[in-house]
């Protein structure tokens, strides 16, 4: 299966799709996921797009590398992205640290750190999310959760409110139809017998397993049939630590 970076997706709809939209899920209790970040991105070509992400430090958000753009604004403390609340914190990104080995053809190393211009204020609606150590290799079979503001169906519009779905970590063989899937770098997520999945639109959101962010929404099939591919965060812990320590 041909893999394409997000900007080329609309030109090659027969090939593949970005992951990120929540299909088969339910609306989250407002502000029950205080680490969630909504990213508004202005691309180098001019049009805007959106992604998900999550706060790992008061001044750093973790997301997918294919969510990079000319400029990014992060909204924290949101539930309904069309109704501004007192809980909102809108922060400018001053530096984008896309993984140096990110490959737009294979989507390997699809991970990026965003440094915020100002530190977020930690509140009941805004908080940080722990992420795994380098050697925390989460096994197949585990049930995890992913959240986002994307579409609730292939032909449906995006959701105004934060949605969440429970997904199973699959054996690597379940993602063998993805030509470049690499079990060391990525997670295979979602039971193919279910209609629950992440799909295009809110890539960059966290896969939460037992309270720890183990994955980042990366890509999946155009028809939204699971499983989808998530970046395996534990593999990148040394790189994350290096960026955080230097900034």
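Placement of Cβ uses the backbone N, Cα and C atoms for every residue, glycine included.
Over in Swiss-Prot, the protein carries these features:
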type	residues	note
ACT_SITE	66	active site, charge relay system
ACT_SITE	110	active site, charge relay system
ACT_SITE	203	active site, charge relay system
DISULFID	51-67	disulfide bond
DISULFID	144-209	disulfide bond
DISULFID	175-188	disulfide bond
DOMAIN	22-245	domain 'Peptidase S1'
CARBOHYD	80	N-linked glycosylation site
CARBOHYD	103	N-linked glycosylation site
SIGNAL	1-19	signal peptide
Once the DSSP letters are reduced so that anything not helix or strand counts as coil, what is residue 175 (disulfide bond)?
helix
C-beta crowding around residue 110 (active site, charge relay system), within 10 angstroms:
29
Can you give me the Cα-Cα distance between residue 67 (disulfide bond) and residue 103 (N-linked glycosylation site) in Å, rounded to a whole number?
13
Hey, how far is residue 144 (disulfide bond) from residue 66 (active site, charge relay system), Cα to Cα, in Å?
23
Just going by other Cβ atoms within 10 Å, which of the recorded positions 80, 203 has the emptiest spot?
80
Tell me, if you would, which residue among 51, 67, 144 (disulfide-bonded residues) has the fewest other CB atoms within 10 Å in the structure shown?
144
Want to know which recorded positions, from 51, 66, 80, 103, 188, are within 10 Å of residue 110 (active site, charge relay system) at Cα; which are they?
66, 103
Restricting to the same chain and to sequence separations of six or more, state which residues have a Cβ under 8 Å from that of residue 209 (disulfide bond).
138, 142, 143, 144, 145, 169, 215
If you run the three-state DSSP split on residue 110 (active site, charge relay system), which class comes out?
coil
May I ask for the distance between residue 188 (disulfide bond) and residue 203 (active site, charge relay system), taken between their Cα atoms and rounded to an integer number of Å?
15
Counting other Cβ atoms within 10 Å of each Cβ, which of the recorded positions 66, 103, 188 scores lowest?
103
